[in-house]
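As written in Swiss-Prot, here are the features:
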type	residues	note
BINDING	H171, H173, D184	Zn(2+) binding site
DOMAIN	100-222	domain 'MPN'
MOTIF	171-184	motif 'JAMM motif'
Amino acid sequence: MKDLPAAMRPREKLLALGPAALADAELLALLLRTGLKGTGVLQLAGQLLAQFGGIGGLLQADPAGLKTVKGLGPAKRSELQAVLELARRAIVSQLAQRPVFDSPQAVRDYLRLQLGRLDHEVFAVLFLDAQHRLIAYEPLFRGTLTQTSVYPREVLKRALALNAAALILAHNHPSGVAEPSRADEFLTQSLKTALALIDVRVLDHFVVGRESVVSFAERGLL
């Protein structure tokens, strides 16, 4: 970056104009600090973003995925993972501090972070209080690439134990396609009926794919 004019260097640009003025690659370059022989740090940052599909994809990157990036040694990987984890925790904090339906995009982002990168199917529940604030996020069931077994009685037990007033269901499709199946619809209705017996509302069911998150409520499937 020394070859760049001072005003174009990410650090100087940030100090002069603020972080919002920097592109994603420039912000990432500040974290990486150095590039490789023949590859500048800005170019390395751009390659990293391209490999993972932008900042959103990078947030979902796991340690094994980061290990495949040439030029990311243990020190850089650990620093990058720390920043990514802080970003994930910020989203969790945002959900915990206010009613989740004040920010449906935050729910989507959170679920994508939790479930979008998994290669196995997981069924999870967000347990909410009467003001629809997050009490707990719990992955309750884990399955194969094609199916997972969900037991309504276990969901009811956790809802009662946590004194939840409402909940949001979520599961991922490791195939990458976030399209609800007939089995997903049947399960949702079964859980909704069972939970109504203990006066707990099902507010939504999200299906998480690699690139998108589908809401049952928005589809009219609740």
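Each residue, glycine too, has its Cβ placed from N, Cα and C.
H171 (Zn(2+) binding site) falls within a strand when secondary structure is assigned with DSSP.
For H171 (Zn(2+) binding site), the count of additional Cβ atoms within 10 Å of its Cβ stands at 24 [all protein chains shown].
Within the same chain, residues at least six positions away from H173 (Zn(2+) binding site) with a Cβ under 8 Å of its Cβ are E121, E179, V207, V208, G209. Shown in sequence order, E121, F123, N172, A178, P180, S181, V207, V208 are the same-chain residues outside H171, H173, D184 whose Cβ sits within 8 Å of the Cβ centre of the Zn(2+) site. Helix, strand and coil counts under DSSP for the domain 'MPN' (100-222) come to 44 helix, 34 strand, 45 coil.
In the shown protein chains, 19 other C-beta atoms lie within 10 A of the C-beta of D184 (Zn(2+) binding site).
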